[in-house]
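Following: one structure in C-alpha cells, then a few remarks.
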C-alpha cells in the first residue's frame, strides 16, 4: 500500500492485500490543468500536421453504416455498390467460408441465422459476463462466446471473431465505397462512436479501424458529429440539444455553438437502448400472439424467428408513416395439423404501448444532461433529432414534451453523423478552417480506494483532451511496488464501474513509508481514450508501468486480425476476378455458338468440330470454376475467342468472294442483254 506525499496522511486507499495507493489533494486542487488550459489544449490539438489524401468520415452504426467525404466546403454522402446511401452493419459467413457484408449478408439471414452477425456494435469492448451481453445472448440467433481474455466474441462455423473484427469487415466495405468514388486508396478516416461509450469501447472501435486498414485520425462522438452537420453553415449563436436514438444506443448531448466553436457542455445516454430493442419488444409480442392463436412456440425455431424479426423491423418502420400495418408471413412453421401462417394487424397505438417503457428510458438521461450543463429547457434554442428511431411519432412527441419545443428536422437522421465525421476530417486535414470542436469525456475517471470506494480524478463532462496528476507514496516501509486499479463510471463503488486496467508500478526504491513521491498522470486524449503514466519525482526518472489489461485486443491480436482482413480482401479480389472471368467466358461461348449457327453453311465441318471441342473444354473448366483461378479461366476464354475469330474470318472471306463472284457473273449477263437489245 502507498500513502499520500503530504506530512499528514489524509486517507489510505486500496487494501493491505493489494498494496494499493494512498492519495492526497494538493492545496491548489488537482495538480493538473485549469479549465482554460483545457480549452487551449483542445484548440492546439486541432492544429494537425499536414495530412495527405482525402479523409473519409464513417458512421459505424449498430444497424446501418454510412460514409461521407468533403467536396470543397460541402460533405457528400456516398452510395455503395448496391446504390444505397447506407449499408446494413451485417456480416455473414456461408457454409463454404465466403464472407458477405451489407445487404447481401442481410438478404440471406433467414436461411443462415446462426452465422449472420448483426448489431455486434453492442458487444464491442464488452466483457462476456456483462449483464448487457448476457441479455443479448438470449435475443440473438448466433453464438456469443467467452474469449480467452474474457471478452464477448462471436462464433461462426467453429471460428471465433471479435466484435472489432466484425466491425472491421463493415469498415472495409465503407472504405471500398469511398475508394470507388474517389478513384484512389482511402487511408485516413474519422470514425464516430456513441457519446456514452467508455474507454474499452472506444479503443475497440479504433482497433476495428486499424484491422480494416484505415488510419483512424480521430474517434468522435455521434451527437457531436450531428451538431457539426447541423451547425456548419449557421451563423447565429445558440445552445442546442442533440437527441440521438439509433439502432443500438441512445445519446443526448447539450452543445453551445458560438462563431464556429462547437463546445459540448454535457452528454449522457444508454449504450444498450435503440431500435434493436424496439424490434425485440415487437418480436416478443408477435411470438406471444402467435402462440396464443396457434399453440405453436416459435422461440426454438431460429429460421422462423429471423423471419419474424425482419417483419417486426418492417412493421416498425411502416408505423412511422401509417396508423396501421399488416404482418403476413405464410408458411412460417408447421405442426402435426399442417403449415401455420402468420396474419396480424398492428396499429400504431398498439406498437406505442409495446415500446412505451423503452421511450421513457430516454427521459432521465436528457434531464441529467440539462442539469450537468446547467441549462433549462427554455435556454435550448434547437433540438436536433438523429438516428432512425427518431422518425417514430411517439419519440418526437416525447422530445417535444421534454424540451418544450418541436424538434428540428434540419438534418437527415441517417446521414448527419457521417456528414459530421467528414467535416471533422476536413478540419484535421486543414480544408475546413473556421470550425473548432470542444468535446467532453462522458464518464468520470478514477481509482479504487480503501473499502472498494471509487475516487474520481477526472469528472464527467470535462473538456478533452485533458490531463490531471496526483501524487502517491508508499504505505509500508521498504515497499517497492503498488497496484492501482483504474475505473471509469459514475457509481460510488469501484466494483460497479468499468475496470479499465490494473497498473502495477514497479521498481520503487526501498524507503520508509510516505517518503517516495510518485506522480501518476491520467490523460484523456481527443478520442476520449485514457492513458496513464507514472514518474518518480525524487529522481526524475520515469517508472516502469506493467499494464494488465482487463480485456481488449493485444498488439499481436490486432496484427493477426489485420493479416486475416488482408487475406479476406485478397480472397474477395480473387473471387471478383474469377466471377468477371466466368462472365467473360460464358459470353464468348454464347457468341461463338450463335455465330456458328448463323454461318454454318459457310464454315468447314472439320473446323467447326474443332471449335465445338474447344467449347466443351471451356465448359468443363467452368464446371470446376471454384477451384480455378480467374487468370486460368480468362486465358482459356481468350484462346477460344481467338480460335472463333479465325474461323469466322474464314467464313467472312468466303462470303465476300462468293458475293464478288455472283456480282461479276451478273454484270456479264447484263452486257449480253444490252447487246441483244441493240441488235
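The backbone N, Cα and C atoms fix where each Cβ goes, glycine too.
Pulled from Swiss-Prot:
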BINDING   63, 64, 313, 316, 320, 388, 391  ADP binding site
MOD_RES   87  phosphothreonine
MOD_RES   408  phosphoserine
REGION    1-432  region 'Interaction with NFS1'
REGION    63-431  region 'Nucleotide-binding domain (NBD)'
REGION    432-679  region 'Interaction with FXN and ISCU'
REGION    432-441  region 'Interdomain linker'
REGION    442-679  region 'Substrate-binding domain (SBD)'
REGION    656-679  region 'Disordered'
TRANSIT   1-46  transit peptide
Practice problem: Anything within 10 Å of the residue listed as 'phosphothreonine'? Look among the binding-site residues 313, 316, 320, 388, 391, comparing CA atoms, and list what you find. | Solution: none
Quiz item: Just the number: how many Å between the Cα atoms of residue 316 (ADP binding site) and residue 408 (phosphoserine)?
Solution: 22
Practice problem: Let me know the DSSP-derived helix, strand or coil state of residue 63 (ADP binding site), please. | Solution: coil
Quiz item: Which three-state DSSP class does residue 320 (ADP binding site) fall into?
Solution: coil
Quiz item: How many other Cβ atoms sit within 10 Å of the Cβ of residue 408 (phosphoserine)?
Solution: 14
Exercise. Determine which residues of this chain, when 63, 64, 313, 316, 320, 388, 391 are set aside, have a Cβ within 8 Å of the centroid of the ADP site's Cβ atoms, and list them as they appear in the sequence.
Key: 247, 275, 317, 389
Self-check item: Secondary structure content of the region 'Interdomain linker' (432-441), with strand meaning DSSP E or B
Solution: 0 helix, 4 strand, 6 coil
Quiz item: Roughly how many Å separate the Cα of residue 408 (phosphoserine) from that of residue 391 (ADP binding site), to the nearest whole number?
Solution: 12
Quiz item: Just how many other Cβ atoms lie inside 10 Å of the Cβ on residue 63 (ADP binding site)?
Solution: 23
